């Protein structure tokens with residue numbers, strides 16, 4: 001099923017603790033029986049996120065590759081994406097029929113974006129626990145990602161966040177670009193994200 005242009009590469013970014021790894025796990029579980037898939041994770045000094053996915057059984061260990069960026073995490077996905085491009089090339093060597101590569105950035109800030117050379121689609125994850133004001137702060141991840149995921153909606157009552165305000169701000173900042181409100185630990189919203197990837201990414 002692999003495209004002649006190579007696998008679809010989906011970049012998943014967002015601040016530390018927003019739920020990127022939870023989303024990676026949910027997507028791996030949804031896609032692994034239908035597509036040739038692998039996952040690449042970025043951490044500054046460890047391969048912790050890769051370990052989490054492996055322990056969770058999201059994919060076989062050989063389909064998960066941890067990248068240690070050793071510095072500013074957004075540099076490894078934007079200004080100098082060579083370490084991640086090399087990781088994609090390695091996975092394509094291991095699995096020549098790859099359909100889909102999920103690339104999780106290291107915890108980054110609201111200004112971080114993926115290089116178009118690295119990712120065909122970009123998803124950005126923020127979380128309700130970060131505060132009601134997060135969507136209105138803007139930044140490329142919030143305003144220009146192909147899909148914005150507002151995660152941990154279940155925590156809204158605990159942190160005093162008004163989801164209707166967050167949604168209004170999200171709509172204002174993104175215009176017509178799509179977004180999803182989710183609670184990924186419970187699996188809520190993951191199907192919508194998976195469907196978006198299939199449709200927007202042209203997966204057959």
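Every residue, even glycine, has its Cβ placed from backbone N, Cα and C.
Keep in mind it's a predicted model, so treat the numbers as computed, not measured.
Sequence-distant contacts of residue 18 (GTP binding site), defined by Cβ-Cβ distance under 8 angstroms and a gap of at least six in the same chain, are 125, 126, 127, 130, 151. For 14, 15, 16, 17, 18, 19, 20, 21, the entry in Swiss-Prot reads GTP binding site, with the evidence type sequence analysis.
For the binding-site residues 14, 15, 17, 19, the largest tally of other C-beta atoms within 10 A is found at 14. Ranking the binding-site residues 16, 20, 21 by how many Cβ atoms sit within 10 Å of each one's Cβ puts 20 at the top.
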